[in-house]
Amino acid sequence: MNQDQLKEQVGREAVKFVEDGMYLGLGTGSTVRYMVDALGERVANEHLNLVCVATSERTAQQAAELGITVRNLDDVDHLDLTIDGADEIDDNFQGIKGGGAAHLWEKIVAINSTKNMWIVDESKMVHKLGQFPLPLEVIPFGSTHVLKKLTDMGLHPTFRMTETGHVMTDSENYVIDLHLNEIDHPHELAAQLDGIVGVVEHGLFLDMVNTVIVGRSDGPEVLRARD
Ligand SMILES: O=C[C@H](O)[C@H](O)[C@H](O)COP(=O)(O)O
């Protein structure tokens with residue numbers, strides 16, 4: 001099975017956990033895209049009553065086109081479950097997210113969700129975080145000074161750019177990626193990054209996920225991370 005087939009496999013597996021009447025958070029990314037397609041099929045075929053909150057404009061648009069009810073986070077009082085992708089997951093079920101620049105909204109939705117599930121192909125499972133560049137969402141105003149500060153801290157930052165300029169998030173902020181190779185102490189790094197003025201949010205998602213579904217050639221593996 002190639003990577004796309006594994007992503008589709010976990011997307012389809014994840015929607016089996018969705019129950020009628022749920023308030024559901026929808027993540028962002030290429031794996032989630034398959035999940036939302038599968039969810040749309042269930043909504044159409046089984047007439048499920050779901051209320052969904054999306055973590056990006058992209059996901060909101062896809063879901064709405066499939067006839068899934070999408071509301072703003074501020075218009076719901078709770079979320080039962082959020083299903084999202086991840087860029088890396090380590091042996092302790094800590095994660096890096098934000099490869100698609102959506103980690104700010106994703107983290108806000110995640111912390112307001114009773115349960116969180118991540119769906120990944122097996123290439124995302126690592127022993128130690130950090131091979132994947134760690135994304136930060138930063139306020140454009142003064143961002144070159146934030147970049148310099150991060151450089152001085154030895155965190156090897158680069159702005160994430162397109163051919164035409166800065167990658168912009170849905171909140172119209174910039175993204176800085178930290179090229180760390182290995183993150184020995186994720187909690188300490190998270191606390192350091194939380195303390196930098198101008199950094200809105202980082203892509204370390206620590207102690208957050210309850211269930212991980214890993215796509216493997218011999219079938220999806222469901223891992224329980226925490227209650
Ligand atoms: O910002 C994007 C998100 O954190 C994604 O969930 C993450 O990058 C994984 O995306 P994909 O499923 O495309 O690898």
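Cβ from N, Cα, C; glycine included.
Annotated features, as they stand in TrEMBL:
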type	residues	note
ACT_SITE	E106	active site, proton acceptor
BINDING	T28, G29, S30, T31, D84, G85, A86, D87, K97, G98, G99, G100, K124	substrate binding site
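Our reading of the substrate binding annotation (T28, G29, S30, T31, D84, G85, A86, D87, K97, G98, G99, G100, K124) yields a largest Cα to Cα distance of 15 angstrom. Each residue contributes its Cα atom, and for K124 (substrate binding site) and the residue listed as 'active site, proton acceptor' these two points are 18 Å apart.
Cβ neighbours within 10 Å of K97 (substrate binding site), excluding its own Cβ and spanning all shown chains: 29. With a cut-off of 8 Å between CB atoms and residues at least 6 apart in sequence, the same chain places G25, L26, G27, T28, G29, V32, T55, K97, E106, V109, A110, N116, M117, W118, I119 near D84 (substrate binding site), listed in sequence order.
With a cut-off of 6 Å between Cβ and the nearest atom of ligand 1, the binding-site residues T28, S30, D84, K97, K124 reduce to T28, S30, D84, K97. For the recorded substrate site, residues T28, G29, S30, T31, D84, G85, A86, D87, K97, G98, G99, G100, K124 set the reference point as the centre of their Cβ atoms, and the other residues of that chain within 8 Å of it by Cβ are G27, V32, A102, V120. For the recorded site, D84 (substrate binding site), the DSSP three-state label reads strand. It is T28 that, of the binding-site residues T28, S30, has its Cβ surrounded by the most other Cβ atoms within 10 Å. The Cβ of E106 (active site, proton acceptor) has 29 other Cβ atoms within 10 Å, all protein chains considered.
Note on A86 (substrate binding site): other Cβ atoms within 10 Å of its Cβ, all shown chains, come to 26. Shown in sequence order, G29, D87, F132, P135 are the residues of the chain, 6+ apart in sequence, with a C-beta less than 8 angstroms from the C-beta of G99 (substrate binding site).
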